[in-house]
């Protein structure tokens, strides 16, 4: 078995063990727990698919319509991002001095993230994989934007009784489904060439709209969520509703920065971004 195959087997086994041990504790209505369970199932499934495709040399056929090496490296980067983030969240919410189960799950969760990071290091540093889109900065920037958007949706709470906050949720929702479409279209080279419009120009317009929407939410969410709503004195550092509402504001500013950088790089045509 090659080093790459060994990493894939370790990724699949560690994620599945983490999933099973976490599920053994019992379900939870906590959205972060649901996101963690999704990550620990989605990442090994994608790794298994990639392993099967490469085992039967099906990637030779797929190379006709996409850059397979770019796709696999990009998936490793995305999986590393997901598994490391859920390990941090899980440790934050479920570890305590007497919580043996939380410690065990967190250890396996961090190990899962580490093996995905090792694959990224192997591809980007040792194998010097440059990538055409997904594993290059323009594509990974889109992955980051989609990831932070997921974090916002996972953290959304306490907005239903406020019309301005509902508008913020709508603003979060508008760019979110378009990002994976842009990613998929750039990966599938044949599909990109068949589009009746200029994709790069469409991406530029999308970025402008996204920046405007996130500027709106960056202003409105903190004002209407935290006005007359100070942090409670009994709000622990690991979990309380106010802290999760603050995470929405934090991730809003993170995504705003990502969209602004994406737009600036696109305007300047630097770092692999296509100028329109």
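Cβ atoms are placed via backbone N, Cα and C, with glycine included.
Computed from a predicted structure; not experimentally measured.
In terms of DSSP secondary structure, the domain 'MARVEL' (1-128) contains 106 helix, 1 strand, 21 coil. The domain 'MARVEL' annotation in TrEMBL covers 1-128 (among others).
Marked as domain 'MARVEL' by TrEMBL: 133-271 (among others).
The signal peptide annotation in TrEMBL covers 1-22.
Listed as Cβ neighbours of the transmembrane segment (35-53) (distance under 8 Å, sequence separation of 6 or more from its ends, same chain) are residues 5, 8-9, 11-12, 15-16, 18-19, 22-23, 59, 62, 72, 75, 79, 82-83, 85-86, 89-90, 109, 112, 116, 150, 154. TrEMBL lists 35-53 (among others) with the feature transmembrane segment.
Nonlocal intrachain contacts for the transmembrane segment (74-95), taken as residues 6+ away from its ends with a CB within less than 8 angstroms of a stretch CB, comprise 11, 15, 22, 30, 32-33, 35-36, 39-40, 42-43, 46-47, 50, 101-103, 105-106, 109-110, 112-113, 116-117, 119-120, 123, 131, 133-135, 139-140, 143-144, 147, 151, 187, 238-239. The transmembrane segment annotation in TrEMBL covers 74-95 (among others).
Positions annotated as transmembrane segment by TrEMBL: 101-121 (among others).
Feature annotation from TrEMBL assigns transmembrane segment to 133-156 (among others). Packing against the transmembrane segment (133-156) from elsewhere in the chain are residues 31-32, 34-35, 67, 70-71, 73-75, 77-78, 81-82, 85, 123-124, 169, 172, 175-176, 179-180, 182-183, 186-187, 210, 244-245, 247-248, 251-252, 254-255, 258-259, 261-262, 265, 271-274: each is 6 or more residues past its ends and has a CB under 8 Å from a CB in it.
Per TrEMBL, the feature transmembrane segment maps to 162-183 (among others).
The feature transmembrane segment is assigned by TrEMBL to 203-224 (among others). Under 8 Å from some Cβ of the transmembrane segment (203-224) lie the Cβ atoms of residues 145, 162, 164-165, 167-168, 171-172, 174-175, 178, 182, 248-249, 252-253, 255-256, 259-260, 262-263, 266-267, 276, all in the same chain and six or more residues away from its ends.
Under the heading transmembrane segment, TrEMBL lists 244-273 (among others). Within the same chain, residues 136-138, 141-142, 144-145, 148-149, 151-152, 155-158, 172, 175, 203-204, 207-208, 210-211, 214-215, 217-218, 221-222, 225-226, 229, 231 sit at least 6 positions outside the transmembrane segment (244-273) and bring their C-beta atoms closer than 8 Å to a C-beta of that stretch.
Within the chain carrying the transmembrane segment (101-121), a Cβ under 8 angstroms from the stretch's Cβ atoms is held by residues 4, 7-8, 10-11, 14-15, 17-18, 21-22, 25, 36, 40, 43, 73, 76-77, 79-80, 83-84, 86-87, 90-91, 94-95, all 6 or more beyond its ends.
With helix defined as DSSP H, G or I and strand as E or B, the domain 'MARVEL' (133-271) counts 102 helix, 1 strand, 36 coil.
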